[in-house]
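Enquirer: Residues annotated as site 'Plays a critical role in the stabilization of intermediate cation' in Swiss-Prot, with similarity to another entry given as evidence: PHE79. Swiss-Prot lists 82-86 with the feature motif 'DDXXD motif'. If you look up Swiss-Prot, you'll see ASP82, ASP86 marked as Mg(2+) 1 binding site, on the strength of similarity to another entry. What Swiss-Prot lists as site 'Plays a critical role for substrate recognition' is ASP83, GLU155, and the listing cites similarity to another entry. Here Swiss-Prot flags ASP86 as Mg(2+) 2 binding site, drawing on similarity to another entry. Residues or ranges marked as substrate binding site in Swiss-Prot (evidence: similarity to another entry): ARG174, LYS227, ARG309, TYR310. Annotation comment: Swiss-Prot describes GLY178 as site 'Plays a critical role for abstraction of the pyrophosphate group'. As annotated by Swiss-Prot, Mg(2+) 3 binding site applies to ASN220, SER224, GLU228.
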Amino acid sequence: MPTITLPRIIYPFPSLINQFVTAAHEQNRQWVADFGFITTPEAMARFDRSRFAWLAARAFPHAGFHELCTIANFNTWLFMLDDQCDEAQLGKKAVYLEHVTDGFMNILKHNTPVDTVLGRSFTDIWERMQALGDTAWQTRFIRSMEEYFTSCHWEAGNRAADIVPTVAEYVTMRPYTGALFADVEAIEIIEKVYLPAHILQHFIVQRLVLACNNIVCWANDIFSCAKEARQGDVHNLVLVLQHERNSTLQEAVNETARMHNEEVKLFTALEKLLPSFGAEMDRELERFMAVLRSWITANYDWSYHDTGRYQVKEVEVVINS
């Protein structure tokens, strides 16, 4: 694996962290043990190094303890699903993966039990989420999860057929494969930010959500490109750029960083163009925007400072200061 220089990423937003982060980590490690995700001391040591609760605590800095645990468990579940796809080669078995995700959709839509570790744990999360969100919120969240699972099927089909997506295809699908739209929907129940549909669906708000998603996902692709290149997974913006343009890995990293930085500029510009929806709604919208900003910094801070998941400090990666 060649040595690559990672670009220095700086955001014009504050880095925050929830006061309940340590307690949420303890709850999260107990949760994965109780549901059977972790069965050995070695696996628990790896889990502790991943520090999943820190990502949730940075992204939702003002959430209460119960809400923080709920979203930390949810994001941990997503990582566990991702790992099981890798370990069981589930990510290459498109038809079987559809069967598995159909079970998860039945949990969401009908509260139908699924007697697996992933199924039982997802039911536990969904029961807590249902208690926090009304039916309108639940409908939005279910749609975001359905889109996420559909994007997983797309990736699995590509892997099974040895297809490398084009850059255009990848950029279109990447906001869904990261499941961040589900986390954005969760802002309402986790940080208690209540915005009516006409504000959430306003075209500037929608583009800000997409910009946040792109920034987070493309930064993640930079951090994880070495790991995914080793695993032979092409679903990474750096790697599809390298393939399509026949460039070096470093050139592809640099282009991904340029695209990422342009999206940050767009985000900050669009914030200034948001219309007023009245004093009360403007305050709620500012709280919503604050969580989007927190997600952007949370992803970077967690990836670089907290977790051992992406190994961004390995010798094959040099951070450019």
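Keep in mind that glycine also has a Cβ here, set from the backbone N, Cα and C atoms.
Describe the structural context of these features.
Expert: Applying an 8 A CB threshold to same-chain residues 6+ apart, the list for PHE79 (site 'Plays a critical role in the stabilization of intermediate cation') reads SER50, PHE52, ARG309.
If you look at the motif 'DDXXD motif' (82-86), the same-chain residues 6 or more away from its ends with a CB under 8 A from one of its CBs are 97, 118, 152, 156, 231.
Long-range Cβ proximity for ASP82 (Mg(2+) 1 binding site), meaning a same-chain Cβ under 8 A and a gap of 6 or more residues, is found for none.
Sequence-distant neighbours of ASP83 (site 'Plays a critical role for substrate recognition') (same chain, 6+ residues apart, CB-CB distance under 8 A): none.
Secondary structure from DSSP puts GLU155 (site 'Plays a critical role for substrate recognition') in a helix.
According to DSSP, ARG174 (substrate binding site) is assigned to a helical segment.
In the shown protein chains, 21 other C-beta atoms lie within 10 A of the C-beta of GLY178 (site 'Plays a critical role for abstraction of the pyrophosphate group').
Taking a C-beta cut-off of under 8 angstroms and a sequence separation of 6 or more, ASN220 (Mg(2+) 3 binding site) has the following same-chain neighbours: GLY178, ASN299, SER303.
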Enquirer: On a count of neighbouring CB atoms within 10 A, which of the binding-site residues ARG174, LYS227, ARG309 is highest?
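Expert: Neighbour-count leader: ARG174.
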Enquirer: Going by DSSP, give the three-state secondary structure for ARG309 (substrate binding site).
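Expert: Assignment for ARG309 (substrate binding site) reads coil.
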Enquirer: Tell me which of the recorded positions GLU155, GLU228 sits in the most Cβ-dense spot, judged by other Cβ atoms within 10 Å.
Expert: GLU155
